[in-house]
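Features reported for this protein in TrEMBL:
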{"type": "DOMAIN", "residues": "805-907", "note": "domain 'Small-subunit processome Utp12'"}
{"type": "REPEAT", "residues": "61-102", "note": "repeat 'WD'"}
{"type": "REPEAT", "residues": "103-144", "note": "repeat 'WD'"}
{"type": "REPEAT", "residues": "145-186", "note": "repeat 'WD'"}
{"type": "REPEAT", "residues": "187-220", "note": "repeat 'WD'"}
{"type": "REPEAT", "residues": "411-451", "note": "repeat 'WD'"}
{"type": "REPEAT", "residues": "492-526", "note": "repeat 'WD'"}
{"type": "REPEAT", "residues": "587-628", "note": "repeat 'WD'"}
{"type": "REPEAT", "residues": "629-670", "note": "repeat 'WD'"}
{"type": "REPEAT", "residues": "671-703", "note": "repeat 'WD'"}
Amino acid sequence: MGLTKQYLRYVASAVFGLIGSQKGNIVFVTLRGEKGRYVAVPACEHVFIWDLRKGEKILILQGLKQEVTCLCPSPDGLHLAVGYEDGSVRIFSLLSGEGNVTFNGHKAAITILKYDQLGGRLVSGSKDTDVIVWDVINESGLYRLKGHKDAVTQALFLREKNLLVTSGKDTMVKWWDLDTQHCFKTLVGHRTEVWGLVLVSEEKRLITGASDSELRAWDIVYLQEVEDLEEPKPKKVKESSPRMQDSLVAEDDALELDETPEDRILSCRKAGSIMREGRDRVVNLAVDKTGRILACHGTDSVLEVFCILSKEEVQKKMEKKMKKARKKAKLNSCKGEEEDLEISVEMTLQDEIQRVTNIKTSAKIKSFDMIHSPQGELKAVFLLQNNLVELYSLNASLPTPQPIRTSRITIGGHRSDVRTLSFSSDNIAVLSAAADSIKIWNRSTLQCIRTMNCEYALCSFFVPGDRQVVIGTKTGKLQLYDLASGNVLETIDAHDGALWSMYLSPDQRGFVTGGADKSVKFWDFELVKDEKSTQKRLSVKQTRMLQLDEDVLCVRYSPNQKLLAVSLLDCTVKIFYVDTLKFFLSLYGHKLPVICMDISYDGALIATGSADRNVKIWGLDFGDCHKSLFAHDDSVMYLQFVPKSHLFFTAGKDHKIKQWDADKFEHIQTLEGHHQEIWCLAVSPSGDYIVSSSHDKSLRLWERTREPLILEEEREMQREAEYEESVAKEDQPAVPGETQGDSYFTGRKTIETVKAAERIMEAIELYREETAKMKEHQAICKAAGKEVPLPINPILMAYGNISPSAYVLEIFKGIKSSELEESLLVLPFSYVPDILKLFNEFIQLGSDVELLCRCLFFLLRIHFGQITSNQMLVPVIEKLKETTISKVRQVQDVIGFNMAGLDYLKRECEAKSEVMFFAEATTQLEEKKRKRKKREKLILTLT
């Protein structure tokens, strides 16, 4: 076989230039025992932990491919639950930064995650309308709750009762009884989507936010279960319904209709509403941990803060009101208006929930989180639309509290999309420029080392020597910056329209610019005397100009500086001689304008990328089209050759970067990572690094490795990835008694669960083979009359010479807890009889009783019909029944004994601490007495 051309693989190296992405929510996290200092923000597929005090990124929780859509810290502060765009949930440890637990159950993006009070259960809501409750400790799904008809927007566990309340975009608020896993009540008092809900006043009141400007409050009354459920009293219900209807008519409208007979657990009545100042929908509604501060914001930049008064405060308020009313009544009676002095003051919702203040941020709020510090100060942190995090503090106890901005994280990214990127000649510095600023980054540390204000930048480059940079702007200006001081050296009006493109000349003495005013201008660098100092400074002067018939979109010099390629709005590329500016060639063939192009290092090829999604490779000697490649699924935005080669990179609006070979016209590799359209990229002068920028506000660094890339292998890997994706999209396995499309179980079929099922099947087959070999071996030994050596299976040897049955158990133990049920679900029934026999053995030995019982009960549930109708399995099931009951009892006894022991230790500790407390108290008392005597002696001596 002949030598294949070897390519080197580029891999993702880092994500930077991003402070927080818009899709998820910001949350306070506890790190190193400190609360209110660290925040977690979604950053594309990762989660960044920022230190608000220092403005530094201190931890990155690495994601895989999908964007983060939701974050929720655990109550103990040690873990962070992260929901992704594809419906998976991962739980990360904040100590190690590793994600050990993954839950796959949803088919669409996660919209809400909430822990219960102890952190043992996690509820997830999704755009697929399902709500799933997960057991965090056992790492498995508990149950799926179906009922919402649109995306779930909020879900909350109740503290005291085993209930869950959820809201959705289907205008419903649903109450779920988690003991029976059914919805026992639906609130239908909203006309529009319910975007948020919170429980306040010791869970006696529910506040919901919808698409209008009122926050509705609902009073919750928890009823004791009806004592005698066997004897229903229909009369009572009949009597109550007309009365209820009267009360409903008496209320402002039939808005608060409730389904009645289900009021066994709780009843929910509308208490009134609070008006917000914002006219648009509620985006986020939240209450702090103490339940005292309620805050919400809409699609603007204002957070409205309310205070929920305690019963004592409301009582005082009402007493004041009463006094005022009495005074007024007395005055009226003095004036001669004879009135009864019977005065009643009604308590309104506004008396219980009081507006505190508004916090105005510097840009639109995307999400916020708040924390109440022990000093009574409220800290609110905001993730803003323009890639910014701000922290405000507020003392809510003051009569007129004023919010103060205490810190903001700005340096780590631009406020808007980066439109141009450049590398310095030594590959170390990277320039990125956006609509308002230029930033210079250190490539190795990814730290921002300079930020300079500019106009809307479209193109840029480092001046030879890397001490100055030139920017071309949307208004047609050239801006020249000095990097050492960060100052603008000069601003020149170069073009009348946008300055779309500029390119440094190969002799490095000047550059060329092209703009929307249909002209190409040639500039030279020069040193001029600076008025402010004695030294000379760099400046530029225009030398020549080429007027054309169409807007210029891109300009490029050939490496020998003899030719100039100009791409025009009429979909052609015109090539001119640089010295005479005479026309040489016209390259036409694209259906839409050529947005980007580049010429190879030897001047032999020119590659053009267009809005028609094609890349064309042309010869520069005759202008013949060598090949037209369908490159991207959307416009090709940027194209650049790798120095000293005929390989080039293209970036598209389809979120992908692709590498191509211009000699063989092969697609080499695709770099996937960006989640939005890519605007531009830059290849370093050495060709070892690429930086790309996207509409998702992130900059990504890609690095060339030493790993060779073989095209056939690459294609094979692509096919495998496609197959794995298709497996997950196939029909879910059918379960008897379920209608198609329904899924009672919490998991979903993924490539991992399929692989786990295959591992179980392989283990059972190995067990069958080995047992057959064993029987054969025994027969041979009998026939030979002596012990013959038995060949050991290498797999069993690798596990430490274990028996085949123990190997099956090891495989079961190796399956992730969250994938266990789903793996057993795709297992063919032919393997189940063997598994049941093995389970009987294992349970008799008393090993892993909990795991085996879980598998056993699941298999019995899904294969009930086949197992019960199979005569062969009757004795196996009988044996299992005996062994399981006795072993489970043993496990129960052990757990009971341990619980009792822990209780005893707890009581001992408490008693000890009480003794310590009293001992401390007595010593303090004696100390005080001693000090008092000393003082008395002193006074006596003084007198």
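Cβ coordinates come from backbone N, Cα and C, glycine included.
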For the repeat 'WD' (187-220), give me same-chain residues lying six or more residues beyond its boundaries with a C-beta closer than 8 angstroms to one of its C-beta atoms, as numbers and ranges.
150, 153-154, 156, 158-160, 165, 167-175, 255-258, 266-287, 291, 294, 296, 308, 349, 352-353
Can you name the far-off residues of the same chain, 6+ from the ends of the repeat 'WD' (671-703), with a Cβ under 8 Å from a Cβ of it?
10-18, 21, 43-45, 65, 67, 387, 413-414, 417-423, 425-427, 430, 432, 441, 443, 446, 634, 637-638, 640-645, 649, 651-659
Same chain only, please: residues at least 6 beyond the ends of the repeat 'WD' (61-102) with a C-beta under 8 Å from a C-beta of the stretch. Say none if there are none.
21, 23-31, 35, 40-49, 108-115, 117-119, 122, 124, 126, 128, 134, 136, 139, 672, 675, 748, 816, 818
Please average pLDDT over the repeat 'WD' (629-670) for the predicted structure.
95
